[in-house]
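Undergrad: For reference, the structure I am asking about is given below.
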Amino acid sequence: MIRITTQKVILHVAFFIVVLLPLVTATQKHTEKIIHECSDHKVLELSPKLSFQIILHGILLWASMGFLMPIAILVIRMSNKEQNGRRLKMIAYTHAFFQILSVLLVAVATIMSVINFENFFDNNHQRLGLALYVAIWLPFIAGIFRPDRGSKNRGVWYAFHWLIGVTVTLLGIVNIYIGLQAYNTKTMKSTSVWNWLFSIEVGVIAFIYLFQEKWQYIKQSGGILGNESVRPTDQEASPTQKKEISPMA
């Protein structure tokens, strides 16, 4: 009963945010900016306030889709071969915590974007961002209504939850790169350092993801090699062998 009530409360909060977001658009403020022509393209001169808002917006989306969601995927993959019930619960709770925090940060970044920026959805970053804002709720809601282990719907649920989670994460990473490029195009400020740092992070996460796939095999191979390395001469001699090699009385 408590679990059902909690699920209803979370769903109502999620629905409340989704419904109110279009209403917030009506109160959208015009940003402080000066646009001038330079070499056949528009360069955006940012006020200190607007510059801070854009940077904060980028940090929130990086923390959500560029860090927390990939980490949540790495965490839940630790449960694939785990047999300990207590550890399984800890892994599941940690995964859920990262997912919930990620959704909340995306909601904050989206509302901040609607209030402070002009959103004409005339570029790929804004369009993909809007689609991701809707899609990011799907794995979150699916996680709430997950079937029990062993039930007939568990396989279908797992496939959907995994597919939508990985897809949203990958598209979120792509949109971060697109956002950095859009910032560079509009302001003519270099983003190469941020591109390199983010690429290193993505590379490390990808390496860990692939390493997790082979870790169990590495452990099993190590165990097999360890057993093969023990020769009969290293083992304790049997009573019969001891009798044969013992000196005559």
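If you go along the chain as it appears here, the first residue is 1 and each next one adds 1.
Cβ atoms here come from the backbone N, Cα and C positions, even for glycine.
Sharing the record's features from TrEMBL:
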SIGNAL    1-26  signal peptide
TRANSMEM  50-76  transmembrane segment
TRANSMEM  96-115  transmembrane segment
TRANSMEM  127-145  transmembrane segment
TRANSMEM  157-178  transmembrane segment
TRANSMEM  193-211  transmembrane segment
REGION    229-249  region 'Disordered'
COMPBIAS  230-240  compositional bias 'Polar residues'
Undergrad: Short question: which residues 6 or more past the ends of the transmembrane segment (50-76) have a Cβ under 8 Å from it?
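TA: Counting only partners 6 or more residues beyond its ends, the transmembrane segment (50-76) has Cβ contacts under 8 Å with 31-33, 91-92, 94-95, 98-99, 101-103, 105-106, 108-109, 112-113, 116-117, 129, 132, 136, 165-166, 168-169, 172-173, 175-176, 179-180, 183, 198, 201-202, 205, 208-209, 212.
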Undergrad: Is the transmembrane segment (193-211) packed against any residues at least 6 beyond its ends, judged by a Cβ distance under 8 Å, and which are they?
TA: 62, 66-67, 70-71, 73-74, 77, 173, 176-177, 180
